[in-house]
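Participant: Sharing the features that Swiss-Prot gives for it:
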type	residues	note
TOPO_DOM	1-28	topological domain 'Cytoplasmic'
TRANSMEM	29-44	transmembrane segment
TOPO_DOM	45-50	topological domain 'Lumenal'
TRANSMEM	51-71	transmembrane segment
TOPO_DOM	72-89	topological domain 'Cytoplasmic'
TRANSMEM	90-106	transmembrane segment
TOPO_DOM	107-110	topological domain 'Lumenal'
Amino acid sequence: MASVAAKREGPQFISEVSVRGNGAVLDYCRTSVSALSGATAGILGLTGLYGFVFYFLASFLLSLLLILKAGRRWNKCFKSRRLLFTGGLVGGLFTYVLFWTFLYGMVHVY
């Protein structure tokens, strides 16, 4: 009975389809938060370094929320924890700047 109750030792198998699906969800979350935070920064009138600091704070907050959501068993969903922090960071920056400049121009220039 002890052998049945013991945990199975060996390599952990990961579904590539699930990993890609989780990556797509992360990209969607990162893009959505980038657009929302860019719009917020534009409406608030942030300029220069304050705007970029706002993006990195919003991105860091999203990463913390994703880590909390994944919990202790993050390795069942992702290959590495670094993906939760850096995945889509640069692509999100381009989305952020697009919404930031658009909303800043609409609210404060026109």
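Note that Cβ sites are derived from N, Cα and C of the backbone, with glycine treated the same way.
Given the structure is predicted, the values throughout are model-derived calculations rather than measurements.
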Participant: Could you tell me what the rest of the chain brings near the topological domain 'Lumenal' (107-110), counting residues at least six beyond its ends with Cβ under 8 Å?
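Facilitator: Counting only partners 6 or more residues beyond its ends, the topological domain 'Lumenal' (107-110) has Cβ contacts under 8 Å with 42-43, 45.
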Participant: So what's near the topological domain 'Cytoplasmic' (72-89) in sequence-distant terms, Cβ-Cβ under 8 Å and 6+ beyond its ends?
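Facilitator: Tertiary neighbours of the topological domain 'Cytoplasmic' (72-89) are 12, 14, 18-19, 22-23, 26-27, 30-31, 59, 63, 66.
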Participant: So, by DSSP, how many helix, strand and coil residues make up the topological domain 'Cytoplasmic' (72-89)?
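Facilitator: Split into helix, strand and coil, the topological domain 'Cytoplasmic' (72-89) gives 11 helix, 0 strand, 7 coil.
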Participant: For the topological domain 'Lumenal' (107-110), how many residues does DSSP put in helix, in strand and in coil?
Facilitator: 3 helix, 0 strand, 1 coil
